[in-house]
Amino acid sequence: MLLQVGGMRSALGLLAVRRACCLSRSNHTSPRTLEYKPIKKVMVANRGEIAIRVFRACTELGIRTVAVYSEQDTGQMHRQKADEAYLIGKGLPPVAAYLDIPDIIKVAKENDVDAIHPGYGFLSERSDFAQACADAGVRFIGPSPEVVRKMGDKVEARAIAIRAGKLDTLFFSFLPGFSNTYGFPIIFKAAYGGGGRGMRVVKEYEELEENYQRAYSEALAAFGNGALFVEKFVERPRHIEVQILGDKYGNIIHLYERDCSIQRRHQKVVEMAPAVQLDPHLRDRLTADSVNLARQVGYENAGTVEFLVDKHGRHYFIEVNSRLQVEHTVTEQITDVDLVHAQLHVCEGRSLPELGLKQDKIRINGFAIQCRVTTEDPARGFQPDTGRLEVFRTGEGMGIRLDSASAFQGAVISPHYDSLLVKVIASGNDLPAAAAKMNRALAEFRVRGVKTNIPFLQNVLSNDQFLYGTVDTQFIDENQELFNLKPVQNRAQKLLHYLGHVMVNGPTTPIPVKAKPSSIDPVIPPIPLGEPPVGFREVLLREGPEGFAKAVRAHKGLLLMDTTFRDAHQSLLATRVRTHDLKQVAPFVAHNFSNLFSVENWGGATFDVAMRFLCECPWKRLQELRALLPNVPFQMLLRGANAVGYTNYPDNAVFKFCEVAKENGMDIFRVFDSLNYLPNLMLGMEAAGAAGGVVEASISYTGDVSDPMRQKYSLDYYLKLADELVRAGTHILNVKDMAGLLKPESSRMLIGALRDRFPDMPIHVHTHDTAGAGVAAMLACAEAGADIVDVAVDSMAGMTSQPSMGAIVACTKGTKFNTGLPSNSNVYDYSEYWEVARGLYAPFDCTATMKSGNADVYENEIPGGQYTNLHFQAHSMGLGHKFKEVKKSYTEANKLLGDLIKVTPSSKIVGDLAQFMVQNSLTRAEVEERADELSFPLSVVEFLQGHIGIPHGGFPEPFRSKVLKNMPRVEGRPGASLPSMDFQALEKQLRETHGDDITPEDVMSAAMYPKVFQEFKEFTHQFGPVDCLNTRLFLDGPKIAEEFEVELERGKTLHIKALALGDLNKAGQREVFFELNGALRSVLVKDTVAMKEMHFHPKALKDVRGQVGAPMPGKVVEVKVKQGQTVEKGQPLCVLSAMKMETVVNSPLSGTVVKIYVNADSSLEGDDLILEITE
């Protein structure tokens, strides 16, 4: 309710503390003679930006300066900007130190201070402080104590306004029935301070008590007095304030108005002068009323009269701030009046006319905007952020003024004080011009180490409503698009964090053997200019999958698929080859190997390993390679109904995956199932076909069709399986010999029979060279009618990889099987690149433990990639000398499981059982005998349950029944009964967790590997994209004094030098120093080994719903629950205070409080565990 003059009631109640007194009007028109007393030394009883602002003005006037500081402020810049600095409030809490009047006066007297400037906040509106200064004979740079008392007490100030008979005011009081009489919303305000502290809007009765407590507590902490008043909350007003200036002779002038309507939590965010689209008559009334009110009380020095202007243009007085305002800067810019100079001169006894400050000479010149850059996170409700400024670079230039506090590289932002980092003031001819300058300046800022509100401010400055000048106090609340924040990339600093982490803690990916990456980078072979020649992909794009298959079958000569980009390094280098090294050589392949049938570069284990161990996005790899290698078809490995995972997925997930893969450049889908289980195979084929890809159905090969004694997987078995795949519509038929079991004779038998059965079907053969007979076997396949065979470039071939590309090219040269590839010199150049590149992956190279292939693979049938991994695992477990026994156990485990086709994931099941047998010294007979009592690996149990399908010939009995006992069994295709995946819900969840930059590709990564994707996103959030680092730096980090370059993107290159590694600090961190683009940078890195021996407050785990973490760093004001207490969702749990702002932490769920980890006065970092709740 709004009441006019005279409507004030007699009871000014419970929270106003005192009754407003009748005030006699003073006459200040008679001239007085005062002595001019120059000021020689000024103390600022404040900190941060305002202290520095006053010091600068004093220095300009030749006045010596004194700073005071709390124990927590020893590193603050305002200490260094003053001529002298003294500690105050020793042993007191951070805010209380600046409220310690006796200590401040004592320091002033001991150091011959003439005058004290209170700044804003703290003691600036405390009349007892102004009086203490007067009593001590120290001048107070501000109004007299009596005026400070009248104006500082917001209740009394309003009484004066009412009794002046000039101003409308909001009805104020707080009676027991106030809310019942006038309704909600109402607002509590601090009676002895401003700046949004001690303000709380109450929208309904249930919020009354909690908001009162919070407002009282904040006011008490910020101003040393918790007195409050309450008023009817006016919605959607403009907040207009008038700057006034008075002297000791009764002269009062105004310096026009400021618009401070853009607020959040009643704190100003952006201020402007003058107010846009303000009616001139209203401006005249506002300024006249302000001057009249100032005269009414005999006001001297600087002050501000604040009003609310409603939508009808009526203005209501709300308060007088008897001090300098944070936003005084914009007034200075448009009037060219230095307000701090004026304050000092008035305090000395100079009159306004002497200073040239007459009302008729004050003119508005242009427009000014002030943005308060704070260390707050707009995405989390403007929660204050604390930490160390790792980088601080400002925006400058014409029309920009910066008033900063302790903003410099290395500065520590504490939770004890205001979150203001720097005030940026932009001046221009009008609002759009000033906004453009401000936007440009903010874009130049680089603040790293803490979050800031800069992205939010940039959104405000680009908002049409703001640019038209039609904002009110609801502007932020009603424009939620302001919170669509452009993510700050922070790539350079995150890279330094990553490099520092590796230097301190070692590689982020597990290292199987103690070997260092080579220090030599591979030389990229020469690449011709211009576009690469046309390849087989042109046929595919022009004629589609069916036409492509016909062209392949009609091709004269033997076609090759290069596995170097996937299966070769999966087999030899534990799938660890990074996109960085693939991209380097991809253009060379495009220009020199355009006749390749395809390049295998994706799918299978490379998908999850990219995120899990290489910390890069597999989709980005596909996209980048597609751009660099546009003319050769890409081929991926699709695990049938398992897509690229190791588990079953809903059918729609497999279809969606193939669709997204095709959209990102995949061409050929080699579909297989580890058991040749047709229902799983068919689903994968359908998904690949529906996506528009080339379907290459695979027959996973095991056994030996040339051995009449091994008839479980006979020639007839494979032919019947091929019949089903061809009937299902495959475009190409693939034989997937994952262990390299095809001998020349078996190759001729199998491929010959398939060619006879399917004369028009392209046949593709994949093998491994573990036994050393790969080249011979592939040549035999070609002679028997195969169209395509797999090879790897020479330096990445042999052993558990594919046969040598150079050998096949040489052996077919001049025959009807000529590969059509260019001269071997190109193959040699290609091979030389990979020979050197392979040295970068020395810690993962199979030759570290395995020196050759072995023909015993014909007995144990271990797939190539698994052979390498088992060898690594055996050595890492101290079983290297028992690898022969591991291989023997693999053979026995295979027989126990019924002689399986062994390829991921069935090969892993056999391998797990084999290692289980070796570790427990079990024979096959003992396992069979004790099957009902042994604790088998989970993969074995799930296989026997039917989780990956039904093996050829069925499950082994009675072994299966003894292991499973009464455990459930899966009937039919495992994924058939799974409900469809809700991709929209998944995307929404991901956006809530990771922000709005979630792509369709991210959704598929999360669908395939939820936990791995979550960890990958957490990694990139912490370290950014690291794929721009070369492989040695990625794995091993730089050496001290090493200089290197990192290209973030085209045209943006970082020049980095590693300088030093610091000692361990008390927080378990080491400071790592770099030189970045010529500037010193440092990062703090947690030493993971040292921290295991140190005690730290536990962190809340984000994926555990009942663990409640601190939303921001701060101190616990109050714990509102007890252990064992039942709580409801949304119920207040505790109250945190940071930067003089209090935040209530509410329960995220209903349940019981199991354990509380904090108590009142506990100091917390962000995400520190507060308590645990169980549902």
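Cβ coordinates are placed from backbone N, Cα and C, and glycine is handled just like the others.
Those TrEMBL annotations? Automatic predictions, nothing curated.
Lifted from TrEMBL, the feature list:
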ACT_SITE  R323  active site
BINDING   D567, K736, H766, H768  Mn(2+) binding site
BINDING   R639, T904  substrate binding site
DOMAIN    38-481  domain 'Biotin carboxylation'
DOMAIN    145-348  domain 'ATP-grasp'
DOMAIN    558-827  domain 'Pyruvate carboxyltransferase'
DOMAIN    1105-1174  domain 'Lipoyl-binding'
MOD_RES   K1140  N6-biotinyllysine
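Shown in sequence order, S571, D737, M738, A739, G740, G774, T800, S801, Q802, P863, G864 are the residues of the chain, 6+ apart in sequence, with a C-beta less than 8 angstroms from the C-beta of H768 (Mn(2+) binding site). Counting only the Cα atoms, the space from K736 (Mn(2+) binding site) to T904 (substrate binding site) is about 12 angstrom.
Counted with DSSP, the domain 'Lipoyl-binding' (1105-1174) comes out as 0 helix, 39 strand, 31 coil. Same-chain neighbours of the Mn(2+) site beyond D567, K736, H766, H768, judged by a C-beta within 8 angstroms of the site's C-beta center, are, in sequence order, T563, D737, M738, T767, D790, Q802, G864. Cα of R323 (active site) to Cα of H766 (Mn(2+) binding site): a span of 82 Å. For the recorded positions given as R323, K736, the lowest number of other CB atoms within 10 Å of the residue's CB is seen at K736. In the structure as shown, the Cβ atom of D567 (Mn(2+) binding site) sits within 10 Å of 30 other Cβ atoms.
As a whole-number mean, the pLDDT of the domain 'Pyruvate carboxyltransferase' (558-827) in this prediction is 95.
Across the structure, R639 (substrate binding site) and D567 (Mn(2+) binding site) are spaced 14 Å apart at their Cα atoms.
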